[in-house]
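As written in TrEMBL, here are the features:
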DOMAIN    51-286  domain 'Radical SAM core'
BINDING   Cys65, Cys69, Cys72  [4Fe-4S] cluster binding site
BINDING   Phe71, Glu178  S-adenosyl-L-methionine binding site
Amino acid sequence: MDAIFYEIEHKIRDGVRLTRDEGLTLFNSQDLAWLGYLANIARKRISGDYVYFNVNRHINLTNICTARCKFCAFGCDADSAQAYTMTKEKAVSLAKQSAQDPDLRELHIVSGLHPDWPFEFYLDVLHSLRSALPDIHLKAFTAVEICHFAKISGKSIEEVLKALIDAGMDSMPGGGAEILSDRVREQLCPQKASAGEWLEVARTAHKLGLRSNASMLYGHIETVEERIDHLLALRELQDETGGFQTFICFPFHPVNTELENQIIRTTVWDDLKMMAISRLMLDNFKNIKAYWIMLTLPIAQLALGFGANDIDGTVSEERIMQAAGAKAGRSLSKETLINSIRQAGRIPAERDSMYNIIKIV
Ligand code: V47
């Protein structure tokens, strides 16, 4: 083994932070088992042997979107045959239907950037959900949506966030980060929040006491340097605020996107390597999520051996990845998640949205 790999291994064993160059060096290793071994050391030290899951439901209010990112198969124009919108009554009725399951704890609400809906509509939806289901955690709106709300309402990011908190928002999901590089965003998603804006929304949210998640979309036009710089930007902000709850890496699914004919889906090898490197670089993130919808359940289970300690939730009715040809399905039972975690030799821990353990199974 090269001396540099030995050095990295020693640093991980001693809990010493890796540098940018060391992060890049990890990408040069094709010793996947070794990367998994290191990620396991870091994971065990940082988050122990529990694997977290929750019982949640996704609600996507509309797929009509002005951003039209090249990597997205979900967003569409208002006159598209696939376009749909949901009234607040419909959102409440879906949520109530899911809440018939007494274990439901969280609604995950993200949508396209609708050209005509005013900010008040979103506040109204949150208010209605909050009054209908006072005990359910509302994890709502990505940093990209928050920037959109600021633009359409003329309010500052802070004012938008405060209004959403007043309306019932409890935390924010991690989407929209993609790759935090203006070069990449200029090419893939020039119509939405810049890298700096995404980070600024997260910073402001954390300052207001909101927790949020962080994500990365990889396997398209980004370089490995851009992947590492993305992780470093998140690590730096986490040092500053401590407000991120979990990190999720999304492998790009090209089906039905503008990039379909240019880019092929990452391999399982890439996905496990990315999972391990994320765990190793993000030494101040307690949780690294293997999102089974994107990875499929067998790969998400495997990812538990490559640094992940969080497998998301039952989800129910996922639409964004279905549009991009994801094969994992839309929903899983709690029992299936529990069995997958147990088969990997880890301890299933049902959590609430703030990562408090409800029950160790
Ligand atoms: O921001 C969109 C990604 C994200 C594609 O915070 C794609 O707990 C791959 O944010 N191929 C939305 N990825 C999903 C999201 C999320 C999901 C689950 C949990 C959490 C959380 C957040 O999906 C987008 C984008 O990065 N995405 N299209 C695609 N074709």
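Any Cβ shown, glycine's included, is placed from N, Cα and C.
TrEMBL: automatically predicted annotations, no manual curation.
Mapped onto this structure are the features recorded in TrEMBL.
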residue: Cys65; record: [4Fe-4S] cluster binding site; CB count, 10 Å: 22
residue: Cys69; record: [4Fe-4S] cluster binding site; CB count, 10 Å: 21
residue: Phe71; record: S-adenosyl-L-methionine binding site; CB count, 10 Å: 22
residue: Cys72; record: [4Fe-4S] cluster binding site; CB count, 10 Å: 24
residue: Glu178; record: S-adenosyl-L-methionine binding site; CB count, 10 Å: 27
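Spacing of Cys65 ([4Fe-4S] cluster binding site) relative to Phe71 (S-adenosyl-L-methionine binding site) is 13 Å (Cα to Cα, whole number). Report note: the [4Fe-4S] cluster site is defined by Cys65, Cys69, Cys72, and the residues of the same chain whose CB lies within 8 Å of the CB centroid of those residues, excluding them, are Ala67, Arg68, Phe71, Phe74, Gly75, Gly112, Cys189, Lys192. On the backbone, the CA of Cys69 ([4Fe-4S] cluster binding site) and the CA of Glu178 (S-adenosyl-L-methionine binding site) stand 10 Å apart. Contact annotation for binding-site residues (Cys65, Cys69, Phe71, Cys72, Glu178) versus ligand 1: Phe71, Cys72, Glu178, each with CB under 6 Å from a ligand atom.
If you measure from the Cα atom of Cys72 ([4Fe-4S] cluster binding site) to that of Glu178 (S-adenosyl-L-methionine binding site), you get 11 Å. Residues belonging to the domain 'Radical SAM core' (51-286) score a mean pLDDT of 98 in the model.
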